[in-house]
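Data first, discussion second: the structure below is written as structure tokens.
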Amino acid sequence: MPRRRQRHMVGSGSDGTEDSDSSAERDQTNSSESDGNLSKRQRLTRASTRLSQSSQDTPDLKRAADHDESPPLTPTGNAPSSESELDISSPNASHDESQAKDQASRDSDKDLSHRPKRRRCHETYNFNMKCPTPGCNSLGHLTGKHERHFAVSGCPLYHNLSADECKVKAISREKQEDELKGQEENNSRHATRHQTPTSKQSKYKEQVAEMRKGRNSGLQKEQKEKHMEHRQTHSNTREPLLENITSEYDLELFRKAQARASEDLEKLRIQGQITEGSNMIKTILFGRYELDTWYHSPYPEEYARLGRLYVCEFCLKYMKSQTILRRHMAKCVWKHPPGDEVYRKGGISVFEVDGKKNKIYCQNLCLLAKLFLDHKTLYYDVEPFLFYVMTEADNTGCHLVGYFSKEKNSFLNYNVSCILTMPQYMRQGFGKMLIDFSYLLSKVEERVGSPERPLSDLGLISYRSYWKEVLLRYMYNFQGKEISIKEISQETAVNPVDIVSTLQSLQMLKYWKGKHLVLKRQDLIDEWRAKEIKRGNSNKTIDPSSLKWTPPKGT
């Protein structure tokens, strides 16, 4: 039995041939046996030592195995984790030791350097992917430590550098880091509780101050022309020229930060936490605006790999190029969202769109919204929702301002599931208009509403501002002596929990003698009133008389 296993183990470094080899091959190997007699014996000794180590657990054989080479590699090129990964299928028991020697002679003709090597599996590249930067061949990396890149963050060409320059900068950064580590070690040995700067540190500080003297001097005329020419030539496909904008010291700090961020992204990609093309949509062309995206949206793969997406601002269809968008706009008959117009005042309109009746439009709206929302998870299952789309009209059509979605049947009385104001309309009062409209619908339904959690950062800020304004307006108009949170909720349709949290943030809710008291802070009310007067009669308010809507049946 040991001979049988020895014969197969010796052949494990070959190309997998068995005892069915032809007699011609055996004659050829026997003729070469006289030339490599010594190497055969050495290889047989090593193989027998490995087999003996696996079959017998004696101390002497263990000491012999300590001088042996690494275990044989699996066909994948990685070291086997156990003996079960080795090919130990039993041949016929009738084979004798001479066949094992024949197998060993075939192995001895091959140079040991031809044995399979371990693969470097710490970097995996998908060579079908390409960097989205025009004219880039995906070679090199901003960190100078990798051979290829697939994202703009690691593209040397985008940062107006070459692959060789990145490698030189990487070597320079490593030297500086080593020097700093050495200095920190020396300082830590002689550190005291109140240590004064050393002479080297003081000298270095003076050098930095000297280098930063001319950072605000501005660009010369020739430099400005060069920067403008670069921007006109490459537009947003290249990083703007940064030379002469600030000091060399600050520019080098910025380059180090870029390289470190790119290295962190590369580590995440190698670990599989992010994939190539997972967030390749950097900008979208939407009407007359070019918008930078904030988050990843699950568009189809062939679109998600593009650096820029072209979206029709009326029907929200997405396209790959400017030419396709231009042809689409020439024949697109949509000038406003589908569904019923339930509100209009001036140029502001709100359309109620049923996710079941207009499924494609609502799905495209959700995909578009995910580019600017972090917590959104609804993309395709839009049938249980109603979408209220706010638009601003001009002579070309109704342009998308924002929207909020709402469940047709919400058991928790949520009046908003998802809410978004488009980036080009932010900080203009449209977010509060959307929130106010959602509570207006709750008043018509005679319900108390609240937004679905979790809220995004911008959404939480908008809602807290709205709740504060509603409470202060109520306090300003209130003429009685006792205020009830229940009455405030019934009149404003705001959930009591949201009212209490807002009162606490305003320090208007106190606990005294076993009771909760609402304090009427006149200073806050006066401050709010002064802002209202300064704002004047703004058209960024919802007029309840302009609403033409009845609650849908079954809600």
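Note that Cβ sites are derived from N, Cα and C of the backbone, with glycine treated the same way.
Heads up, TrEMBL stuff is auto-annotated, nobody curated it.
Contacts of E452 (active site, proton donor/acceptor) defined by a Cβ separation under 8 A and a same-chain sequence distance of 6+ are given as L412, Y414, V416, S417, C418, in order along the sequence. Feature annotation from TrEMBL assigns active site, proton donor/acceptor to E452.
TrEMBL lists 29-58 (among others) with the feature compositional bias 'Polar residues'.
Annotated compositional bias 'Basic and acidic residues' per TrEMBL: 59-70 (among others), in sequence order.
The annotation compositional bias 'Polar residues' is assigned in TrEMBL to 75-93 (among others).
Annotated compositional bias 'Basic and acidic residues' per TrEMBL: 94-114 (among others), in sequence order.
The compositional bias 'Basic and acidic residues' annotation in TrEMBL covers 175-188 (among others).
The annotation compositional bias 'Basic and acidic residues' is assigned in TrEMBL to 203-213 (among others). For the compositional bias 'Basic and acidic residues' (203-213), the residues of the chain that approach it from at least six positions outside its boundaries are 197, 247-250, judged by C-beta separation under 8 angstroms.
Across the compositional bias 'Basic and acidic residues' (221-237), DSSP assigns 17 helix, 0 strand, 0 coil. Look at TrEMBL and you will find 221-237 (among others) tagged as compositional bias 'Basic and acidic residues'.
TrEMBL lists 276-551 with the feature domain 'MYST-type HAT'.
As annotated by TrEMBL, region 'Disordered' applies to 1-119 (among others).
Per TrEMBL, region 'Disordered' is recorded for 175-237 (among others).
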Taking DSSP helix as H, G and I and strand as E and B, the compositional bias 'Basic and acidic residues' (203-213) has 9 helix, 0 strand, 2 coil
Restricted to the domain 'MYST-type HAT' (276-551), the mean pLDDT of the model is 90
